[in-house]
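Enquirer: Below, the features straight out of Swiss-Prot:
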- CYS391: active site, nucleophile (ACT_SITE)
- CYS75, CYS81, CYS84, CYS161: [4Fe-4S] cluster binding site (BINDING)
- GLN266, TYR295, GLU316, ASN364: S-adenosyl-L-methionine binding site (BINDING)
- 4-62: domain 'TRAM' (DOMAIN)
Amino acid sequence: MTHLLTIHTQVEGEITALAFGGAGILRYHGFVIFVPFTAPGDQIICRIIEIKKSFAVAELVKLKQPSSLRVQPPCPYFGKCGGCQLQHLNEQTQLNYKLTAITDTLKRIGHLKVPSVEMNTAQLNWAYRRHITLHLKSFNQSFQAGYIATDHFSLISIDTCPIFNNLHDPIISILQKFISTLPNPNQQDGRLTLLKNQNSQYILSFQFCSLNELNRILFQEALEKYPIFSGILVTSPKKQWIIGNPYSEQKIENLIFRFTPQAFIQNHPEQSLYIYKKICSLTIQLKSKKILDLYCGFGITSLLLASQGHFVTGIEYNSDAIRFAKENSKLNHLPHVEFLEGDVEKILPICLKSQKCVDLVIVNPPRIGLSKSVIKILMSALPEDMIYISCMPSTLARDLSILCEDLYEIHECTAYDMFPQTSHVETLVHLKKV
């Protein structure tokens with residue numbers, strides 16, 4: 001039926017469901033049209049902006065009759081900014097969508113038998129993010145900060161972000177004022193990560209292609225002018241400036257972790273703590289003695305498990321993360337842990353050869369999931385149990401379809417609402433050898 005639709009055609013109808021990614025689904029003569037920022041039950045008019053063989057994408061033109069599932073989004077940039085997809089939906093609808101996204105994806109892509117998925121809901125749905133990364137665009141011989149728009153190209157300049165801070169918190173406005181003073185004669189772009197410290201201050205991490213020496217003084221003056229900044233890290237491929245104290249120390253359970261804004265850390269402190277507690281609880285139940293923690297970052301999970309008396313080996317390719325993991329091990333006086341730097345697919349076989357009795361393997365890969373070679377190595381090693389933590393249901397389903405074909409079964413599956421107001425969700429799966 002694609003011949004019935006052309007670009008800019010307006011279509012009227014009802015949104016019947018949400019697709020993976022959060023867009024509403026409108027069916028037009030059996031043809032699927034995805035309409036972002038709509039809710040099931042909405043009566044709408046939309047305009048076609050993209051046509052593919054099996055579906056089309058449209059933009060909302062008019063909301064004729066709003067769904068009862070709608071709420072008023074508090075963010076002034078919602079619908080333009082590409083960061084949040086679900087602010088217009090009430091909390092229960094968001095949770096239902098995420099549960100459905102996980103179970104449907106595991107069944108459709110993985111062809112898996114999925115036990116009932118438990119959802120760990122977030123108590124904090126706003127101002128929850130530990131850090132944000134803003135894009136810096138050249139603007140009037142200086143810079144402007146913001147998020148990439150829904151067109152995946154334009155910059156939406158912002159002065160607030162309600163999933164990071166309260167709406168009237170001035171921190172982003174202060175940042176915009178500061179970066180507008182930075183000369184940018186080469187008209188380069190960059191990135192800025194803003195990390196909350198536990199002392200109500202912020203750490204800034206700038207990344208540029210090259211550094212303008214004239215700006216070093218301005219960064220130093222910023223710490224004096226804005227006491228809310230505790231430290232600034234400025235990096236390029238060839239240089240790094242460390243101004244003030246760009247290191248964060250955060251307490252998780254009874255341990256102290258030191259890191260910089262460049263390190264990966266889960267963004268929702270409350271929800272990530274539930275995940276760490278779940279992993280610790282499982283390892284006690286399983287009576288695991290030797291544990292491999294793959295993609296271990298700067299060692300939070302590894303060190304929490306080591307504090308329980310488990311022997312843990314963490315593997316991570318990022319050299320800075322491994323350096324902080326080792327520092328955190330010394331900081332917390334934990335001897336039952338070692339950290340190895342390198343690609344998992346290269347280090348893992350060596351590690352398994354030297355540690356022949358690994359009880360449990362924990363994997364927390366990036367969005368792309370596990371490589372085929374890592375899956376092959378794990379299937380050869382056949383640990384009794386695996387814990388797979390994922391923020392991408394599609395790659396989780398792909399990997400589990402291989403692992404669970406003959407060797408493993410899903411023993412437990414828990415979802416964590418780590419990213420309220422967005423379409424993203426974190427999943428923890430406990431796999432047991434058949």
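Just so it is clear, glycine is given a Cβ too, placed from its N, Cα and C backbone atoms.
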Enquirer: What whole-number Å value do you get for the CA-CA distance of CYS81 ([4Fe-4S] cluster binding site) and TYR295 (S-adenosyl-L-methionine binding site)?
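Expert: Rounded to the nearest whole number, the Cα-Cα distance is 30 Å.
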Enquirer: Spatially, and counting Cα to Cα, which of the binding-site residues is closest to CYS75 ([4Fe-4S] cluster binding site)? Options: GLN266, GLU316, ASN364.
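Expert: Of the binding-site residues GLN266, GLU316, ASN364, GLN266 has its Cα closest to that of CYS75 ([4Fe-4S] cluster binding site).
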Enquirer: Using the Cβ center of CYS75, CYS81, CYS84, CYS161 as the [4Fe-4S] cluster site position, which other residues in that chain lie within 8 Å, going by their Cβ?
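Expert: Here the non-site neighbours turn out to be TYR77, PHE78, GLY83, GLN87, TYR147, ILE158, PRO162, ILE163, GLN421.
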Enquirer: What is the total of other Cβ atoms whose distance to the Cβ of CYS84 ([4Fe-4S] cluster binding site) is within 10 Å?
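Expert: For CYS84 ([4Fe-4S] cluster binding site), the 10 Å Cβ neighbour count is 24.
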Enquirer: Any idea what the Cα distance is from TYR295 (S-adenosyl-L-methionine binding site) over to CYS161 ([4Fe-4S] cluster binding site), rounded to a whole Å?
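Expert: Counting only the Cα atoms, the answer is 30 Å.
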Enquirer: Quiz question: given the binding-site residues CYS75, CYS161, which has the greatest number of C-beta atoms lying within 10 angstroms of its own C-beta?
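Expert: Compared across CYS75, CYS161, the most Cβ atoms within 10 Å surround CYS161.
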Enquirer: In angstrom units, rounded to an integer, how far apart are the Cα atoms of CYS84 ([4Fe-4S] cluster binding site) and ASN364 (S-adenosyl-L-methionine binding site)?
Expert: 23
Enquirer: With DSSP helix as H/G/I and strand as E/B, how many residues of the domain 'TRAM' (4-62) fall in helix, strand and coil?
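Expert: In the domain 'TRAM' (4-62), the DSSP-based counts are 1 helix, 36 strand, 22 coil.
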Enquirer: Going by DSSP, is GLU316 (S-adenosyl-L-methionine binding site) part of a helix, a strand, or coil?
Expert: strand
Enquirer: Under DSSP, is CYS391 (active site, nucleophile) helix, strand or coil?
Expert: coil
Enquirer: Considering the binding-site residues CYS81, GLU316, which residue's Cβ sits among the greatest number of other Cβ atoms within 10 Å?
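Expert: Going through CYS81, GLU316 one by one, the largest Cβ count within 10 Å is at GLU316.
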Enquirer: If you average the pLDDT over the domain 'TRAM' (4-62), what number do you get?
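Expert: PLDDT averaged over the stretch: 96.
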Enquirer: Please list residues from the chain of ASN364 (S-adenosyl-L-methionine binding site) whose Cβ is under 8 angstroms from its Cβ, counting only those at least six apart in sequence.
Expert: ASP293, LEU294, TYR295, CYS296, GLY297, THR301, TYR388, ILE389, SER390
